[in-house]
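Asks: Input: one structure, supplied below.
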Amino acid sequence: MGLATIIRKTKLKERQMRILILGLDGAGKSTVVAQWMSTPTLEVSPTFGFHIHTLAHPPYMLHLWDIGGQRTIRSYWRNYYEETDGLVFVVDAAAPQRLGESMSELRMLLGEDRLASASVLVLANKQDCKGALPVEEITAMVGQFKTSCRVMGCSAVTGDNVSDSLNWLIKDIATRLYHKV
Ligand SMILES: Nc1nc2c(ncn2[C@@H]2O[C@H](COP(=O)(O)OP(=O)(O)OP(=O)(O)O)[C@@H](O)[C@H]2O)c(=O)[nH]1
Ligand SMILES: [Mg+2]
């Protein structure tokens, strides 16, 4: 048995899930993660590189990989694709001028072989902001690339829909990996 197989089996046995959080700079990735971790969202600052957080969500152990989204570091995203169970792509719904850039990055990720088996959750974040694009509009855009992605609206600042989104993701991954929830 090869090392990769042993690691994969251990991961399954220990019910670990690897979740990769990507999206443009300022989309709200680290603030979403802070909500999931129940840590103060006001202390979040731009991510230069990446942060890994471990969150117990019985019976699962989640490894949350929060990667910086600035253009200059996006070329490093590919270093984190391997063994991903869930991809969370965060969109700033209150920045329509950056939607084209955001969708083009998402399209690239959805075409990536190493992410092909991951559950995909797109968060239309910042729904608390006046003029934020409604989730239906972002769903229609994402649907042009892949229909099996789940798109949910949320606000990482108010916490609205943030834990529901994580629950959906865990359930989707668990159904695939363990055939039960
Ligand atoms: N109003 C509002 N502001 C938000 C929301 N989510 C995040 N923000 C703000 O948006 C800014 C950027 O948030 P971050 O979580 O640092 O964004 P990021 O995607 O991690 O950015 P990088 O680390 O640079 O890739 C911060 O000022 C947050 O407070 C939201 O749902 N509503
Ligand atoms: Mg960040």
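Any Cβ shown, glycine's included, is placed from N, Cα and C.
Sharing the features that TrEMBL gives for it:
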BINDING   Gly23, Leu24, Asp25, Gly26, Ala27, Gly28, Lys29, Ser30, Gly69, Asn125, Lys126, Gln127, Asp128  GTP binding site
BINDING   Ser30, Thr47  Mg(2+) binding site
Asks: Tell me the Cβ contacts of Gly23 (GTP binding site) under 8 Å, same chain only and six or more apart in sequence, or just say none.
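Replies: Non-local contacts for Gly23 (GTP binding site): Lys29, Gly69, Val88, Phe89, Val90, Val91, Asp92, Ser102, Glu105, Leu123.
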Asks: Using DSSP reduced to three states, classify Lys29 (GTP binding site) as helix, strand or coil.
Replies: helix
Asks: So the record assigns Gly23, Leu24, Asp25, Gly26, Ala27, Gly28, Lys29, Ser30, Gly69, Asn125, Lys126, Gln127, Asp128 to GTP. If I measure every Cα pair among those residues, what is the longest distance in angstrom, as a whole number?
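Replies: Largest pairwise Cα separation, rounded: 22 Å.
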Asks: Whole-number answer please: how many Å between the C-alpha atoms of Lys126 (GTP binding site) and Thr47 (Mg(2+) binding site)?
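Replies: About 18 Å separate the Cα atoms of these two residues.
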Asks: Within a 10 Å radius of its Cβ, which of these binding-site residues (Lys29, Lys126) has the fewest neighbouring Cβ atoms?
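Replies: Lys126, out of the binding-site residues Lys29, Lys126, has the fewest neighbouring Cβ atoms within 10 Å.
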Asks: What binding-site residues among Asp25, Ala27, Lys29, Ser30, Lys126 have a C-beta sitting less than 6 Å from any atom of ligand 2?
Replies: Lys29, Ser30
